[in-house]
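Reading through the C-alpha cells given below for one structure.
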Amino acid sequence: MALISLSSSSASSIITARSNRTFINSTTSSNSVNLRFCGLRREVLGFSSLKQSCSSSIRQQHFSTKISASSSNGSANGKGFDYDLVIIGAGVGGHGAALHAVEKGLKTAIIEGDVVGGTCVNRGCVPSKALLAVSGRMRELQNEQHMKAFGLQVSAASYDRQAVADHANNLASKIRNNLTNSMKALGVDILTGYGSVVGPQKVKYGDNVITAKNIIIATGSVPFVPKGVEVDGKTVITSDHALKLETVPDWIAIVGSGYIGLEFSDVYTALGSEVTFIEALDQLMPGFDPEIGKLAQRVLINPRKIDYHVGVFASKITPAKDGKPVQIELIDAKTKEHKETLEVDAALIATGRAPFTKGLGLENINVETQRGFVPVDERMQVIDKDGKLVPNLYCIGDANGKLMLAHAASAQGISVVEQVTGRDHVLNHLSIPAACFTHPEISFVGYTEPQAREKAQKEGFEISIAKTSFKANTKALAENEGEGLAKLIYRPDNGEILGVHIFGMHAADLIHEASNAIALGTRIQKYSSIRIFY
C-alpha cells in the first residue's frame, strides 16, 4: 500500500483514499449528510433505468415551506406565475440548478440562446479533457525511457489529427445530448432564445414574456481578448477555436500561463508543437501556490519544447496573411517600452474569460454590472446600484465572478434552489477545489501560502505547513511518477485547514478529501497525520 503522509504533531485520525476513491475516517458527526443518487443524476451520466420512477416521485414532493410545483400562487401582489423558477442560461450551472429545482418540486424552465451545456460542455471542460486524454497517452508512448523502465517496447507513436478532433467533438455532443435529455425527462421546459429580464419576476425570450416567482441568471462567460489583438480564428485563436484542433502549428505562442494556457501547452507539445509562453506578470503560473508553481515549471515546462517571456504584454497581435507569419509585438509590462517582435505560426489567446452579461436587461431592474460582472451577495442574490438586494433575482457562475469554475457554478445553483425552497444556505467558496489537468496534474483548495500568511498577519495568528514528496509514495514510484508534492497549510492554534495544494499523479482526484475537510470544518487536531492513500 502506497501512502503520502503529511505529519502534524497534534493530530488524531486519518484521511484515506484508495484506488481513486476517497474516505474520511473520523468520529461521526451528529449532523449527518444525506447524499442522494437517483435517476436525475443517472441521466446526466447516460443511465435511464430509473427515469420514470424517479421522475414520478420527484413530482409528488413538496417543499418544507408547503409550496408545491403545481402551485402558481405566492407572489406579493397575489398574481400567479408561469413558473416557480426560470433560469437564463443552460450551461453546467443552469443545468445543475434546474435538476435540483425539479428534485425540490419546482415548476422550472431554462432559457438557452445557443446550445445546452454552455462553455463547459461545448467549448471548455469537456472537449479539453478529451484532448488532454490524447496528449497524456501520446506523452507516455513517446517517453521511451519511461516505457523501458516497465520492460515495455513501443514502436513510434503517431496520431490522426482529425480523429483526435472528432473524439473531442463527439464527446461534447454526447454530454450535451445527455444533459438535454435529463432535463426533458424530468419535465424542465427548455425555451430557445436569448433571455433578458424585463421587470420584476418577468423574463423575455424571443417575442415571448413569461413570469417566474424566482429567476436565476446563469449566462456564463466568453474568452477575454485584450485590446490590440486581432483574432481571425485560424492563426490567432481563442480556446474556443483551439478545441476544434483544426491545425497543429509547428510553433505557437500562448498568451497567458494560467489553467487554459498550461493545459493547451500540454496538448500542443505532446502533438509536436513548440510553444512560447507570454506572461504579463513576473513569473509563470501566477495563480498557483508559488512553491507548487516552481516545481510544476521544472516538470511541465523546462524539459519540454517550451520557452517563455515574463513581465511583458502582447500589445499587438496580427494574424498571418500574405505569406507573413503571425506578428506579436511585446512591450515591457512596467515601462510599456517596446522589447521585441515575435514571428510565430499561430497564437493562442489564453488571458482568461469575461462575463457574458450584455443584453440581460439589468437596467430594467436598476442593476449595474461591475467590470461586466453582476454584483451579488453571499447568497447569490443580485444587488442593485443603490446597494439593495433585488427580490427573487439571483446570479450564479462566471457571470457573478466569485469563482469562475464550472463546478462552482453548479454548486451556486444548487445553493440558490435550497434558499428559494425555504432552507437558508451559504456556500463556502474556499472549500471548492480547482485542478489543472496537465500531466502530471495540479490541484488545490483554499488559500495559497502567501494568501494564508497575509490573512495570518491581519488576524494575528501563526500558520504551519506540512509537506511530503511523491517520492515517498509507493504507488507513485510503481508508476514511475515520483515527481510531485503535497502541501498542507493550517493554523496550529485551532487546527483550521487553510489550504491544500497537490502537484503529481492523480492530484485532481486526491484534492477532494481536503475539499471535504474544509467544507465540514474538520480540524487538524483530530488527526495524528493526514495521509493520502492511492
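Glycine too: its Cβ is placed from the backbone N, Cα and C atoms.
Cβ environment of Ser221 (FAD binding site): Thr119, Arg353, Ala354, Pro355, Phe356, Gly397, Asp398, Ala399, Met404 lie under 8 Å away, each six or more residues apart in the same chain. Annotation source TrEMBL lists FAD binding site at Lys129, Gly195, Thr219, Gly220, Ser221, Asp398, Met404, Leu405, Ala406, His407.
In this view, Gly258 (NAD(+) binding site) is surrounded by 17 other Cβ atoms within 10 Å of its Cβ, with every protein chain counted. Taken from TrEMBL, the feature NAD(+) binding site applies to Gly256, Ser257, Gly258, Tyr259, Ile260, Gly261, Leu262, Glu263, Glu279, Gly352.
Under 8 Å, Cβ to Cβ, and six or more positions away along its own chain, Cys125 (disulfide bond) finds Val92, Ala406. The disulfide bond annotation in TrEMBL covers Cys120-Cys125.
Positions annotated as domain 'FAD/NAD(P)-binding' by TrEMBL: 83-413.
The feature domain 'Pyridine nucleotide-disulphide oxidoreductase dimerisation' is assigned by TrEMBL to 432-525.
As a whole number, the greatest separation of Cα atoms within the FAD-binding residue list Lys129, Gly195, Thr219, Gly220, Ser221, Asp398, Met404, Leu405, Ala406, His407 is 30 Å. Checked against Thr219 (FAD binding site), the recorded positions Cys120, Gly258, Leu262, Glu279 differ in C-alpha distance, with Cys120 being the nearest. Here the candidates are the binding-site residues Lys129, Gly256, Gly258, Leu262. The one whose C-alpha lies nearest to that of Cys120 (disulfide bond) is Lys129.
Of the listed recorded positions, namely Cys120, Thr219, Ile260, Leu262, Met404, the sparsest CB environment within 10 A is found at Met404.
For the domain 'FAD/NAD(P)-binding' (83-413), the model's pLDDT averages out at 96. Cα-Cα distance from Ile260 (NAD(+) binding site) to Lys129 (FAD binding site): 11 Å (rounded to the nearest whole number). Of all Cα pairs drawn from Gly256, Ser257, Gly258, Tyr259, Ile260, Gly261, Leu262, Glu263, Glu279, Gly352, which the record names as binding NAD(+), the longest spans 15 Å.
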